[in-house]
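To start, the structure under review is shown below, and the notes come after it.
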Amino acid sequence: MLNSSNYVIQSHCLDDLKYYLESLSYSKVVIITHPQLWVMYEQKITEQLFKLSWNFSVLLIPEGETSKSLKQTTRCWRHFIKHQLDRYSLVVALGGGVICDLAGFVASCYMRGIDTIYLPTTLLAMVDASIGGKTGINTSKSKNIIGSFHLPKKILIDPFTLKTLSKKHYQAGFAEIIKYGMIASPSLFEFLENSWSLIEQRDEGLLEIIIQQSCAIKKKYVEADFKDLGIRAQLNYGHTFGHVIEMMSRYQYLHGEAVSIGMSCAAYLSCQMGLTTQETMQRQDALCQQAQLPIHLPHFPLTRFTYLMAKDKKGRNGSINLILPEKVGKVTQIFDVDPHLIKNTLSTKMTK
């Protein structure tokens, strides 16, 4: 499972890959990343891998959620076969959530599983996609519907890389961090409420603390329920709404933006069902807005929206099961939620 030996959170750790990876040995290595990222990191990564005497190739994947596809999956496997990767080879994922999900999935299937190392470069990947062993790709009908559980050998999280992350992607990463506060940590939630000026400045020391706390929360869930059959479902707070928002908008919303809207919908619904208070709902919405994250939906057909929610992999026999908040730091799972209540929530939350 996750422990201090296989994930590192340290500014500038990507400057010294040899120190963290020299105990490992691989026959061949493939780096999967985006073209723009490779321009930024090619010299640094190449120098480090030469020091390790690793024989590597690079596979460039287009940016965007649409790259989590069977087309790109097949490209990866063809590359592996062309470069004669064997069971003692390694896949390095350099990038955000899309790269981690895709690289992890193709590695988990190739020769029934080869090792991965994650070098996440977005905040969302640092606190979510790289942690926990979930991998997955999308189809035209569902998000992350094809996937596996495959823990990386190593995760190197370098908060310094966030200095060059776009404002939009930086803000989107905080949706998952706010989620951790809502499901498990009132202290983290309050810390975010009171520290926003430093967060906006991307203070490295502060970010290390926030990332450490976020990863520690996810680690507890993963260790308690690795295969996502019980309490780990709480990590999906905001995601059942959010995944549909992503799909129906054709991924015009970043994952974190969609999760922010999803959490707002979930809190409103919870309030209508008498499970939480308006104060809890308003605190969450205020923090998301402080992070400049959206909390309102665009106009989507309601019947289509609830139909897609019922197809979510957490559902059963067409029912819609949701994680809903009771208070900051505590959520509960509600099974077979009335679609009419959901439609009312969606209608209320749509942009006027």
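Each Cβ is built from the backbone N, Cα and C atoms, and glycine gets one as well.
Quantities reported herein were computed from a predicted structural model and do not represent experimental measurements.
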Completion exercise
Zn(2+) binding in Swiss-Prot involves Glu176, His239; of His150, His255, the partner in that site is His255
Completion exercise
If we take the Cα of Thr122 (NAD(+) binding site) and draw a 10 Å sphere, the binding-site residues of Glu176, His239, His255 inside it are none
Exercise for the section: Give the number of CB atoms, excluding that of Thr122 (NAD(+) binding site) itself, located within 10 Å of its CB. Expected result: 28
Completion exercise
Looking at the binding-site residues Thr66, Thr161, Thr164, the one with the fewest other Cβ atoms inside 10 Å is Thr164
